[in-house]
Structures are given as C-alpha cells and as structure tokens.
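So the structure is just underneath, and the comments pick up after that.
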C-alpha cells in the first residue's frame, strides 16, 4: 500500500482494506440469476450476416456517452430552483400549504413536516408529495449499444435505469417506461428481428425487478438508443438518503470495474490496428471471457445490494456508471452532511482489463475515470457491518453472481474523493475460469478472497 491508512477506520477493517480483501462467489459455470442456459448471440441464426453488429448502429457505447460531469452541472444550472426545494438535504418543503389551499384541501395547523429531498445532478430525484407523507422517487437513463446481443442489450439498459433507485436502497419499482430509438440505417428485416429482442430483454429485466413496463416512446433515429424511466412512490423509511457517511465508515463496491474496456477490447478483435496494441498483454480467449463477464455483470440487477443496504445500516451510496468510480465517488462525497472524504485503496477489475488499459493508453481505468455501464453500488457502511455485508451478498439464496469488495475508507475531510497513488488491483476472474498461476505485481486474483 503506497499510503498510510487514515485514522478512524478501525484496525481490523483497515487490515482488510490493506490486504485488498473482499467477497465473491467461487468461480464456476453458473451464469447467475436470469442467465442460466445463455447461448452467445449468433446473427446468422436470425438470417443475418455473420458480420452483423449491433454496435455498428451507433458511434458511442453505453454510459460512455455521458456529458462530462462539470459541463453537465453547468448546463443544468438553469433547472435548479433552490427557493422551492434544495438540491439535496432534509429541508422544509415550501409551497405545500399553498398548493393544498388552492386544491380546497384542509391545511394542518402544525408546521410543515421535514421531508428528504434530492434534485438536479444526483442519481434520482426525491420529490415530497402533497398527500400522506409520501415521496416520489424517479430516475431516467438511456444510452447506445455496447454489446452485440440485442436481448442482453435490453437487459443491461433496464438494469442501468433501475440502478439509480437501488443506489438509494429502494428495492421496489412501481412503474417503468421504455425509451427506444430504432436506427434509420437498419433495413426493415433487421428492425423486425432485432427490436423485439431488445424489448424482450428490457421487459424480462423489469419483471425480474418486480415491476412492469407500461409505456414509453419509440422513434426513428440515426443511432440505436435504449433506456427508460423508473418511478416509485414510497415512505421516507423505504429509501436511504445519500448524505450520512461518517468518519470510520468503509467503502464497499458490488461489481468489478472494467466493463468499458472489455467491450472495446472485444470490438478490437476485428480491428488489427487496435488489436496489435494489446495482443502482447491479453489473448483472444481472455478478451472473449472478459467481454462475457462484463455483459453478465452489466445485466445483473443491483436489487440484492439495495436490500442489504437496509440490513447493514448503510449511510450513503451511489452507482458507478459513466463518470467512473472516481467521478461518482466525488459526486457522492460532495453531498455529505458531515465533513468527510473518501479514499479508495483497492480497485476490483475484470481480469486483464487493467493491462489492456495500460497497453492501449486509453480509458484511465487505474485512475478511476474509465466509464462503466450498469456498474455496481459504491456503499458507505459502518466498519463493523462491511464484512458481514460482503459475506451475505454472495449467499446462494440470492442466486449466483453477486460479489462485493472493501475498496476504501471514509476519513475526516472536505467532501472530496481520491484514489491513492498506487491502488491495489484485484483481478476478478471471469466465471468458469481457473485462478492464474501468477498474479501481476500490485494485484491479487480474487477467486477465493477472504476477510
């Protein structure tokens, strides 16, 4: 470890952080809930050319299409109305009495209740409703194809939309809408064969999440786009505000990093110029396995982790997507009520993706800036609860494929986040593979980690 452990995290848990320890299910052939029996997509089985590629109908991939975070906040500044409702916090909800009076409803004599509120720039919006002490929690997301299998692309898109609710510990979604753009560059045969598969994948993932797709919007566009809106009405005790991290908490991550690297490397198999830059550090078979692992991880719902956030008293969380683990950590740190900062020591990464990132000179994976799509939850947990969370999430009662690693600590600070100079890379082996005989320097294989 290149830097000394911060004070206040506790000796026992810091030992786990320093060792790069975590929890994951044993390597095996199970594909996880919803993926058993999966067969790789073959275009020719649908009567399409073997060279047909879903990713050929867009110029960007997945959550890599996001506007840079600083630019985004500037663009959205005009939407913020602090006089009505603070962007984050637990302030009084202004205007509720006036709205009730206008509607002819009785107004209580006592002061307005205090409701949790979230607004622009965060994972989900939390809007207090006028009746019954309930809140509307809503999120929307969409992106472009990043895998070739249209069914799995639909699942990934739905999982990504729901993940913003899961980041708040919400496990139930009342309704989903689907947003779909069909490429004008597709011939009619392609549209008729591919589009239903994307829709089915989205619908199946929604059903796995206990919700349903009841509408949406479908348009023609040069690029394929898929995403949606997730909505739930709930009581304040059903969600966890992302603002209560305390000194001594530890950071837990529930999916490995490297999805964007994996899907790009998979496309480079057919691009000699790109492939020549990485072929000395990875084999074609390793790229195929990493791509499949990335696809299954992206399509896995964060619902189990969301439920366990309540069980183990999580203080805050976010999901890791287009801004990378560092960008989302920084955004989460800014929302904290206490004067804390996040320090990341360990980076669980799909095996060989760190080497590809270095060899290609792209992505910024070890710097934490590489985009992820439908990534895991980064959760602030009490020190004494983190190990139990990691152990519980891999229980067979939740299905195969769930993982978690302790990746950092919460220390006293000024609401910032950083990755240490030489983070420990945890090589996460694709399911169905055996542990490597020798892990690279400054890394550890994770087939059977212990706490």
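Placement of Cβ uses the backbone N, Cα and C atoms for every residue, glycine included.
Among the features that Swiss-Prot reports, active site is placed at 63.
In the three-state DSSP classification, residue 141 (ATP binding site) falls within a strand. Look at Swiss-Prot and you will find 66, 121, 122, 123, 141, 164, 215, 216, 217, 218 tagged as ATP binding site.
Taken from Swiss-Prot, the feature Mg(2+) binding site applies to 123, 164, 319. Over all protein chains present, the Cβ of residue 164 (Mg(2+) binding site) has 23 other Cβ atoms lying within 10 Å. Under DSSP, residue 164 (Mg(2+) binding site) is assigned to a helix (H, G or I) in the three-state scheme.
Here Swiss-Prot flags 2 as N-acetylalanine, drawing on similarity to another entry.
The feature phosphoserine is assigned by Swiss-Prot to 49, with similarity to another entry given as support. Residue 49 (phosphoserine) counts 9 other C-beta atoms within 10 Å of its own C-beta, drawing on all protein chains shown.
The site 'Important for catalytic activity' annotation in Swiss-Prot covers 66.
Closest in space to residue 319 (Mg(2+) binding site), of the binding-site residues given as 141, 215, 217, is 141, taking the CA atom of each residue. Residue 49 (phosphoserine) carries neither a helix nor a strand DSSP state and counts as coil. Its Cβ placed at the centre, residue 215 (ATP binding site) has 10 other Cβ atoms within 10 Å. For the pair formed by residue 141 (ATP binding site) and residue 49 (phosphoserine), distance between Cα atoms is given as 31 Å, rounded to the nearest Å. Residue with the densest Cβ environment among the binding-site residues 141, 217, 319: 319, by other Cβ atoms within 10 Å. A Cα-Cα distance of 37 Å separates residue 164 (Mg(2+) binding site) from residue 49 (phosphoserine).
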